[in-house]
Amino acid sequence: MSQNYLNIDRFIYGGDYNPEQWLDRPDIFKQDLLLMKKAHINTVTLGVFSWSTLEPIKDCFNFTWLIDIIDKLYDNGIQVILATPSGARPRWLAETYPEVLRVREDRTRQLYGERHNHCYTSPAYRERVRIINQKLAKTFRNHPGVILWHISNEYRGECHCPLCQEAFRNWLKNKYKDIDSLNRAWWTTFWSHTYNSFHQIESPSSIGDHGLHGLNLDWKRFVTDQTVDFMCEEIHALRDGGATQPVTTNFMDDYKGLNYYNLAKHIDYVSWDSYPTWNKEDEICTAYDTAMQHDLMRSMKQKPFLLMESCPSSPNWQTVSKLKKPGLLQSASLQAVAHGSNSVQYFQIRQSRGSFEKFHGAVIDHYGGSDTRVFNEVTETGASLIELKQVIGSKVDSSAAIIYDMENRWAMEDSKGPRNEGLFYHESVLKSYQALRKAALNVDIINMEQSLDSYKLVVAPMLYMFRAGIEIKLRSFVENGGILIMTYWSGIVNETDLCYLGGTPHSLLDVFGLRSKEIDGLYEWEENSLIPIPENSLQLHTSYKCKNLCDLVQLNGATPLMNYGSDFYQGTPALTVNQYGKGYAYYICADAEEPFYHDLYAKILAKHHIHSILNTIPDGIEVTSRTDDEYEYIFIQNFSSRTLDIVLPKTMDIIYGNKDGNIRQYETIVSRKKLF
Ligand code: GAL
């Protein structure tokens with residue numbers, strides 16, 4: 001990681017551009033340049049998949065076209081995010097070094113093809129990447145137009161080749177030191193799977209071991225570490241070549257193959273590619289889902305992130321290529337900014353003529369003119385970002401955090417029971433998230449390694465695995481006055497997936513004033529309910545349905561607020577609270593329907609005086625804020641299909657959007673409030 005930060009005095013606006021596909025058509029680049037300027041585009045990402053044009057034959061490099069394009073872009077006020085080309089390799093490379101081809105978990109080696117399919121361990125691949133990265137760095141290290149390095153593209157996947165097996169064994173040796181410790185950590189006496197030496201270890205496979213949860217978990221950790229190691233080598237090659245610009249790599253939406261937090265530690269900016277299925281269901285649900293991803297990306301480094309890719313109209317790989325309805329592009333783009341992005345970038349600037357993405361939405365389509373609906377909306381969005389310039393430099397401050405941890409997810413979803421038809425971890429996190437957003441609170445989405453100190457409210461949905469000392473952090477958080485909300489299926493296993501002995505949620509029985517005795521998995525068609533106890537301290541009056549999982553708890557100090565409505569555990573606690581130290585610990589026993597969370601969180605926020613950004617928010621409106629030293633900027637966005645009234649306090653002045661007291665579908669209003 002470099003100490004360089006982007007010196008941004010305007011929002012980065014543009015997207016992926018692939019001029020290498022048009023080198024025989026200089027007229028196209030000329031036309032694109034004019035159109036980009038017209039659309040207020042100030043940045044393009046180049047070189048993501050350019051390897052075979054940059055090095056068409058081994059050791060024969062041709063950078064002339066790239067230098068020419070970057071120079072011309074710069075002369076026209078357009079800066080460049082330059083990618084390292086490792087996301088897709090040329091044919092000659094796989095032909096010369098077959099070891100770069102990935103081996104699947106069933107031990108079949110893949111043929112050359114597609115992208116993102118190379119072995120991250122292969123010394124040959126690393127060497128070829130090092131050579132080309134270093135050359136790129138030497139060529140562009142001093143180019144004023146190159147502002148950021150885009151390392152590879154959407155790292156993903158895994159390889160099970162002999163080189164990776166050896167690296168995995170070494171990784172394990174380093175972690176466990178001796179084989180007995182590994183055997184204990186993985187509980188290998190089960191089914192007589194004890195290892196005599198590290199040499200016997202093989203990565204998980206459908207034709208071998210796949211039910212040894214400790215092995216599966218460590219394999220996933222290894223895959224992340226190997227990817228991190230590969231990425232760091234890419235970055236070192238740039239630094240060795242003299243490049244000093246900051247670096248980023250682009251992440252994907254809810255990708256389960258890597259623990260992104262570990263990659264984030266080594267890059268200057270987190271960036272991500274956002275492709276929601278807009279116009280499919282209730283728009284506010286898609287908006288919340290997307291918002292949660294934005295917040296996750298921002299929370300990894302607790303600083304502004306970059307929206308690296310999004311689609312100006314419809315992506316062609318979704319089941320249906322739904323066009324974005326008029327106005328939605330701007331709304332979705334400004335939503336990213338509201339959640340802390342310093343950029344709006346598209347995939348792609350110009351639509352390709354052939355191959356897989358020829359029908360993927362683009363700023364400039366095959367028609368090639370500026371008189372298209374999409375181009376006009378892109379231009380309007382660019383103008384909005386110029387208008388919102390003063391927001392640059394601000395960041396998002398959150399009073400609430402939700403713990404959403406990838407290692408927890410790996411372990412929980414790999415386990416057998418208590419519900420192999422689906423545990424709904426992501427959905428459970430989303431329900432709490434939506435409720436907090438609906439109450440107009442900024443929310444960080446953090447993992448177990450992060451500090452809880454700055455929050456008033458922390459939510460820990462389905463924290464099955466406790467790691468990184470989370471139980472100690474949660475205890476002191478509550479002790480010092482924090483409000484903690486935890487759910488069923490929490491504190492069950494340690495970090496190698498061994499069950500805790502002596503009662504769960506592990507080590508927090510006194511904090512919650514209860515012990516989980518049993519958990520009931522419900523069939524798809526089954527439901528239970530949560531019934532408020534008369535005169536409960538939160539004044540909850542409504543009953544709610546619950547599904548999937550019902551935790552049966554034994555109280556030891558906690559006060560029940562709701563009870564189960566049916567089954568043999570009817571009348572036993574379903575929601576509890578316990579005062580511990582200066583704070584309160586709430587325990588939600590079952591997977592309740594969404595309105596329950598809205599009701600519960602609204603009551604908890606009111607009771608514990610946790611203030612929202614705005615007080616009364618109609619359904620379908622999303623409210624977010626960014627703050628700098630002087631102002632809080634409040635983004636109000638209408639994702640409903642109706643025009644809604646909106647009354648803002650007199651302390652706020654509107655700096656963007658209409659001032660009529662109402663907000664139309666997809667409209668954004670930004671108001672400003674002076675701090676102190
Ligand atoms: C991204 C990828 C891009 C492009 C895009 C299409 O995941 O990084 O290269 O393929 O999807 O939506």
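Glycine residues also receive a Cβ, built from the backbone N, Cα and C atoms like all the rest.
Annotation comment: TrEMBL describes 16-385 as domain 'Glycoside hydrolase family 42 N-terminal'. Among the features that TrEMBL reports, substrate binding site is placed at ARG115, ASN153, TRP317. Look at TrEMBL and you will find GLU154 tagged as active site, proton donor. For GLU309, the entry in TrEMBL reads active site, nucleophile. If you look up TrEMBL, you'll see 399-610 marked as domain 'Beta-galactosidase trimerisation'.
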Which state, by DSSP, holds ASN153 (substrate binding site): helix, strand or coil? coil
By the 10 Å Cβ-neighbour count, the most surrounded of the recorded positions ARG115, GLU154, TRP317 is GLU154
Span of the recorded substrate site, as the biggest CA-CA distance among ARG115, ASN153, TRP317 in Å, is 17
Same-chain residues at least 6 positions away from ASN153 (substrate binding site) with a Cβ under 8 Å from its Cβ, in sequence order, are VAL48, PHE49, ALA83, SER86, GLY87, ALA88, ARG115, HIS116, THR249, ASN250
Same-chain, non-site residues whose Cβ lies within 8 A of the ARG115, ASN153, TRP317 Cβ center for substrate are GLY87, ALA88, HIS116, GLU154
When DSSP is mapped onto helix/strand/coil, what comes out for TRP317 (substrate binding site)? coil
Rounded inter-Cα distance in Å - GLU309 (active site, nucleophile), TRP317 (substrate binding site): 15
If you draw a 10 Å sphere on the Cβ of the residue listed as 'active site, nucleophile', how many other Cβ atoms land inside? 23
Could you round the CA separation between TRP317 (substrate binding site) and the residue listed as 'active site, proton donor' to a whole angstrom and send it over? 16
Should GLU309 (active site, nucleophile) be counted as helix, strand, or coil on the basis of DSSP? strand
Mind looking up the mean pLDDT for the domain 'Glycoside hydrolase family 42 N-terminal' (16-385) in the predicted model? 97
